[in-house]
Each structure stands twice: as C-alpha cells, then as structure tokens.
Amino acid sequence: MAAYKHHAFSSFIILMLFPLLLQFQFGKSELQLNYYSESCPKAEEIIKQEVTKLYYEHGNTAVSWLRNLFHDCFVQGCDASLLLESVNGIESEKESGRSFGMRNFKYVNTIKKALENECPSTVSCADVVALSARDGIVMLGGPHIEMKTGRRDSKESYAKIVEEFIPNHNDSLSSVLSRFQSVGIDVEGTVALLGAHSVGRVHCVNLVHRLYPTVDPTLDPDYAEYLKGRCPTPIPDPKAVQYSRNDRETPMILDNNYYKNLLKNKGLLIVDQELASDPATLPFVQKMASDNDYFNEQFSRAALLLSEYNPLSGDQGEVRKDCQYVNTN
C-alpha cells in the first residue's frame, strides 16, 4: 500500500511539473502580459503609435517588423541579437547571406528613441522587436496577438551560426519543418507561419534557379512567364532591385491568398510549392486556403510560440539604450 501511495504521489508530481518541463525544453521564460504596466505604462501604446506612423510613411516597415521577429527569435531566441552592428569585436547577424533583402533597421531605433524619451533604459529592444511585429501584423490586415513582454537584450551576436538556424531560400520542406520543430512549432503552425510569405517580395537571385535554364515543372506555365518578365536574366544584377511580389493580388495584406496561389502552382520558393504537394502539409494548405479565420487562428498561435522562444529575462543580458550597440559600446 505504501509503495502504491509513493507511486501515485510521484505520478502526481510529474503531472504537475510537466508544463514546466515543456517550457524548459522549448526555452520559454518568465515573460508576462503588461510587464511594463508600472515601470513604463505607456510603452505598448508608444510602440503602436510609432509603428502606425512609420507604416503610413514607409508601408514596407510592417513587413520588416514581421521578418525581424522570425530572424531574431530563430537564432538562439528572442533577444534582439539581430539588431547589433559590427563594432568592437561584434560581427552583425545582418551581414549573413540569410539576412539578404532585410531593411528598415534604422526605424527600430526610431521606436526605441520614443521609448527612451518616455522611460529611459526600461523597455528592451527584444520587446520592441516582438511588439512592433505584433502591431505590424495588424497594419497588414492580420490578427491582433496578445504578446507577453519582459525580454532582455543579448550582449552578443550569433553571426557565425545564423545559417545553422535560418532556413535557406531553396531548402527542402523537410528541412524547414525540422527547423521549426526545433523551436517548438508543429507542422500546422509552420504552414501558418509560412503564410507570412503572402506579404513582401522575393528577390530574383532567390528565384532564377526555378526559371533558368529550364522552368521548374511544378510552376504554372503562365506564372513562370510572368516571373521571367520580372527576372529576365539567369544572373540578376545584385545591385539592381529585381523582385517579384509574393502575392500579386493583395501584396501588402496578410491573408490566405498565399495558400490559394499554392494550389494553383504559383508558389515562389521551392518550399512554398512543396507545401501543396507534401501529404503532411497539403491538408493544412487546403483548409487555410478555404478559411481565412482558421489561417489567422493558427498564425496567431504559431507567432506567439515563436515570440516566446528562449528569451533572456530577469537579470540576464541587459536593456540596451541603443538597439544597435551593447551598452558598453
């Protein structure tokens, strides 16, 4: 009887600790809603105001905020390491080939300066990355996501290992699914997050391998001709800004047109099109193509998981005064 009670008690403890073990496994930490409610009550409203203002001045900033979240959180966690410049022994992650085409970093500091004027050395750049993405998603017509705050900023860059974490433009779907799974995002969530490709653009250097010397047979022939018009040579001039929009119909709206295009063989990247041919992902593609609310629901869930991946908190890291430099610089 005593042995039974001991076993039952042990099982109870394991059940109680299981959620904590899951958090530890996927690197979650002590984030909370309204973290700045006392230290900087206007923080989230200031970020929202700045994101809105920047959107109406430079519409593509909203896309940049979304991409920043992905590139920052995927590499060792959500700690604003992405934003650091190359100086005093630090090599910037922005110089990696995986960061090709990323822009508008200077406007992150526009948001940060507004926060510093209100509450000096209080709101982290990592939280600016997360909340600007949240508000940028809304500006792009996507769902509002309740994100927790309390992240701290990294004192180091991870430039040397960026390519181990950020998928390449021509990686296989299995490789991409594996990388997303490593940060705690399941297949359904991965399909939803790839829906971010419904906004923004793809540069020709990442497309021409599907057009030359012969057209990828999985591409719709008429669409391939359109893409050849956008990318007329097999070796694009890297200094010329040659690109194609991910979604020609609603290029600046985060919606389920991306999935509708995949079912018409109009995916830009190889991984896009593979979503519609792999039996593990096709059902999700079909459901998201037919139900925008379902897409929004799954996108919100996955973006929230990503935003809480392995943050620094408590007395870890620091709160940078300038998002481009650690405080000692």
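Just so it is clear, glycine is given a Cβ too, placed from its N, Cα and C backbone atoms.
Small disclaimer: the values here were computed from a predicted structure and weren't measured.
Taken straight from TrEMBL:
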type	residues	note
ACT_SITE	His71	active site, proton acceptor
BINDING	His197	heme b binding site
DISULFID	Cys40-Cys119	disulfide bond
DISULFID	Cys73-Cys78	disulfide bond
DISULFID	Cys125-Cys323	disulfide bond
DISULFID	Cys204-Cys231	disulfide bond
DOMAIN	30-327	domain 'Plant heme peroxidase family profile'
SIGNAL	1-23	signal peptide
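Feature annotations (TrEMBL) mapped to structure.
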residue : record                       : Cβ neighbours (10 Å)
Cys40   : disulfide bond               : 16
His71   : active site, proton acceptor : 20
Cys73   : disulfide bond               : 30
Cys78   : disulfide bond               : 30
Cys119  : disulfide bond               : 15
Cys125  : disulfide bond               : 30
His197  : heme b binding site          : 21
Cys204  : disulfide bond               : 23
Cys231  : disulfide bond               : 22
Cys323  : disulfide bond               : 23
Message = Can you tell me the CA-to-CA distance separating His197 (heme b binding site) and Cys73 (disulfide bond), as a whole number of Å?
response = 17
Ask   = Per-residue pLDDT averaged over the domain 'Plant heme peroxidase family profile' (30-327) comes to what?
value = 95
Using Cα positions only, nearest of the disulfide-bonded residues to Cys40 (disulfide bond) (Cys73, Cys125, Cys204, Cys323) = Cys125
Remark   = Cα nearest Cys73 (disulfide bond) among disulfide-bonded residues (Cys119, Cys204, Cys323) -> Cys323
